[in-house]
Amino acid sequence: MRVPLPALLGGSAALLLLLLRWRRRRGLWRKVAEAQQRQERSLVQMETAAQRFREQNPSVNVVSILSLPLPELSKKLRDGSLPLDHVFYAYVGKALQIATETNCITEYLQESETQLRKVKLTGKQGLLYGVPVSIKDSIDCQGHDSTMGFIKNLNKPAAEDSVVVQVLRRQGAIPFVKTNVPQSLISYDCKNIIFGQTRNPLLYTRTPGGSSGGEGALVGGGGSILGIGTDVGGSLRFPAAFCGICALKPTGNRLSKRGVLSGVVGQKAVAAAVGPLAKDVESLALCLRALLCEDMFSLDSTVPPLPFNEEVYSSTQPLRIGYYETDFFTMPSPAMRRAVRETKQLLEEAGHTLVPFELTNVDYVIFNFCVRGMFADGGTSFIKKFNGELEKVGMGLLICLAKSPHWLKTLLSWIAKPFVPRFSSIIANMRANTVDEVWSLHHEIEDFCHQFIAQWKKLNLDVMLCPMLGPALGIGYPGKLSVAVSYTMLYNALDFPAGVVPVTMVTDEDEEELKDYKGYYRDWWDRTLAKAFGGSVGMPVAVQCVALPWQEELCLRFMKEVERLALKKNSFF
């Protein structure tokens, strides 16, 4: 029997220990309150700056500025037909509005106003000259916290900019806000104890996705024209799909990750990536053109010196496209299945060749590669991140499993197997592995990747069309539905570039069909997912576009074609 420490210490010592714990908790809550006050001050600073600009420039048409797509806006900034401060303060004002509605901004980078003046004075015109850019919380900006939703990371400002932020600045971009994330980043919701819940700008009762959820909400609401986030299981693609915008997860090392924090440090089984979010595909392409430059290759020599390939991106040759409607692990919602079918038909009508792709063993990939790979130490390093925190937001079950001894995990897995086989597999794969087992796992992942590529090449494919989870789930549901990451996480395990493009919206017919949704396992997760999908008429639904490693330009070219055809068919995008 475990005896509480205060009882062992005796009366006065126990009282002292309780007092110390109380004081410590009080100190942590004080840090949270101070951070929330800084967040409030940031919004006040934004309001003051935007109001001052409006008073000094009452004739500026802010609506017309905000309506410009990034390529056109960038061109006007570079040729001088649009003043930099007009654009900057237009976005500061709009970002403030979206932040007030969705709680997506954690901090205003007030030095961005100084940078704006410097950019105007130097006149050095990079590809993103004068473009305001939003930055995910976990990407270092000098002088600002990268909290990942943890109290312990408050008041620890970054000593220097991450490489990606340095390159953005050298290209003339102006990082102006940092955006909210879920605690630890290992979630596709967006909530933490410091800054609270971020909401979807299209429907406040829905999650914006995560972990780049603040970015999704801000860009999706029109408060940022370009955002930078990260993705280790769908963390760029979920927010983009849920908020009706576009995003690209590149091959893991195409863009530098120096100065970018990770949810699980050191694991190599599931590749993380840095990537952009924007309203349209051309904006993503412009961002990659700007980032894939000599500055990035010299600042981080581990990034391969591969400049943006314009020839591939601008090609108009018909594509040979693989496709599948389901991964046979997470049953697609009616809207997801329709999105793939309609996009397939549009592509065929445009002269492309569509080839069925047989996807197998996704359950094995999710459990044995992703869960086991990310928690190969039994979850020890993950648990350490929560030490001393006041709350484990949305992570209770995962942390309990990670803390459980090996024998208990084995027993629980055995008991659960007949009733909830997926839960059983998760428990079984959260055990600590030996070094030999980890090496064997990495070898197995390499083999799987080669087999997948061999199947791809046997069909002579250029790219792949896949479902993307959607529509946006209700707030709180992602924490109950970790298994629903199967459509995105597959391509982190394979380390393929993958992007999302919105192509349709949920219809009344989709909602009616959802009543018959059962799922493949017919377990608690499937029943919960059916509820999470419900009540979504009018919400956007995206498809996922995939290419082979290092072929980001081809992936973007495919995304651009999907976007063009969807826009042509649907006037509401």
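Every residue, even glycine, has its Cβ placed from backbone N, Cα and C.
As written in TrEMBL, here are the features:
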- 90-556: domain 'Amidase' (DOMAIN)
- Lys136: active site, charge relay system (ACT_SITE)
- Leu185, Ser211, Val232, Gly233, Gly234, Ser235: substrate binding site (BINDING)
- Ser211: active site, charge relay system (ACT_SITE)
- Ser235: active site, acyl-ester intermediate (ACT_SITE)
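Each of the binding-site residues Gly233, Gly234 was scored by other CB atoms within 10 A of its CB, and the lowest score goes to Gly233. The two recorded residues, Ser211 (substrate binding site) and Lys136 (active site, charge relay system), have Cα atoms 9 Å apart.
On a Cα basis, Lys136 (active site, charge relay system) lies 15 Å away from Gly234 (substrate binding site). For Val232 (substrate binding site), other Cβ atoms within 10 Å of its Cβ number 24.
Close to Lys136 (active site, charge relay system) in the fold, though at least 6 residues off in sequence, lie Lys178, Thr179, Val181, Ser211, Ser212, Gly214, Glu215, Gly227, Ile228, Gly229, Thr230, each with a CB less than 8 Å from its CB. Counting every protein chain shown, the Cβ of Ser235 (substrate binding site) has 34 other Cβ atoms within 10 Å. Proximity of Leu185 (substrate binding site) to non-local residues of its own chain (separation of 6 or more, Cβ distance below 8 Å) is seen for Ser138, Met148, Gly149, Gly210, Ser211, Thr230, Val232, Ser235, Leu261, Ser262, Gly263, given in sequence order.
The Cβ neighbour count for Ser211 (substrate binding site), using a 10 Å radius and every protein chain shown, is 34. Looking at the domain 'Amidase' (90-556) alone, the prediction's average pLDDT is 96. One way to see the shell of the substrate site is to take the Cβ centroid of Leu185, Ser211, Val232, Gly233, Gly234, Ser235; the remaining same-chain residues with a Cβ within 8 Å of it are Ile186, Ser187, Tyr188, Gly210, Ser212, Thr230, Asp231, Leu236, Phe238, Gly263, Ala272.
In this structure the residues listed as binding substrate are Leu185, Ser211, Val232, Gly233, Gly234, Ser235; their two most distant Cα atoms lie 11 Å apart.
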